[in-house]
Amino acid sequence: VTENRSDLEDLHLYATPREQRFRRFASLEFEGQLYMTPYDFIQAVTSDEPKRTKKWRSLSKQELNQILMETPPVWKGSSKLFRNLNEKGVISYTEYLFLLCILTKPHAGFRIAFNMFDTDGNEMVDKKEFLVLQEIFRKKNEKRERKGDEEKRAMLRLQLYGYHPSTNSVVKTEGEDLVPRSYWDTLRRSTSQALFSDLAERADDISSSLSDTTLLVHFFGKKGKAELNFEDFYRFMDNLQTEVLEIEFLSYSNGMNTISEEDFAHILLRYTNVENTSSYLENLRCTIPEEKGITFDEFRSFFQFLNNLEDFTIAMQMYNFASRSIGQDEFKRAVYVATGVKLSPHLVNTVFKIFDVDRDDQLSYKEFIGIMKDRLNRGFR
């Protein structure tokens, strides 16, 4: 059974870029709400376009229950969870935003995330506390909705959230909220006890109007009564980051233990605002003529550094390098001091050769930070 898109296709005109991407990669529909499979999610964060053109397939209640019955508990998670689940899972739009947040956060931020959900401070997160996420992200989304046909926007909200939200504002509107903020910042700024208690009162209503998902069953069990501790939460977030990096690395390694420096540059420059990558790649070919290769450990360490980019930026400003170029030793030291990540000399040299367009063995700090911030947010800054 397929859902005919024709009468809903123009909804993309009222959608944000993130919503458009979710709708493009999602492949399932249940009771009017769209869902991604784990496979869809992996495709959405590692590919420019879906690998196959597909219509939304309508799930029956029986099919959904069967999928959820086969969902493993959180203590059985691994860095192959999404690949193992493949098409046997459902991920809502709100969870898609949450998973995107995880991909760009440093390990130190995992504790902050957990504490934000743990509203009663008992070192455990239950399903009701986690569902507050639905309201916070929905409220942020409403603030940035495009103006237009109210009926179309209501259809879009129903498609993404599965229910018609109430018109009562829960998240306080402040003047500063007019400044665009990331979903992570919204989550962090919206988690005062007063706000959470307000939202928590409505969590039962939210829960009753929403279907269970793979993530909810994975975290809180088939009956929704289990609680999530920090160790399992940390492991889930770390596994997800590792899994996406493994998929990106393996897509270029062809079974080898390394990828080429040029392939590393391709991955690094994807989802950035760099329109002409050929000059960067040509620069790399000329300055590193003999291929040595980048290992997965080196690859992973660089993206762990990127997830700490804000701390690195502060460190660089304290070093007063912000207005001038920097050398490899200065760069390597600043990375370690700010993030605790040790980058190999070969990896640092490769990064310099990619971005050192005038070949003076100095890195333009401002240009590098700007491009890497765009890469970190996968083109959705």
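Glycine is no exception: its Cβ is also placed from the backbone N, Cα and C atoms.
Unlike curated records, TrEMBL annotations are generated automatically.
TrEMBL has this to say about the protein:
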- 105-140: domain 'EF-hand' (DOMAIN)
- 343-378: domain 'EF-hand' (DOMAIN)
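In this model, the domain 'EF-hand' (105-140) carries an average pLDDT of 81. If you look at the domain 'EF-hand' (343-378), the same-chain residues 6 or more away from its ends with a CB under 8 A from one of its CBs are 45, 100, 104, 182, 261, 264-265, 268-274, 279-280, 283-284, 287-288, 292, 294, 298, 301-302, 305-307, 309, 313, 316, 321-322, 324-328, 331-332, 335-336.
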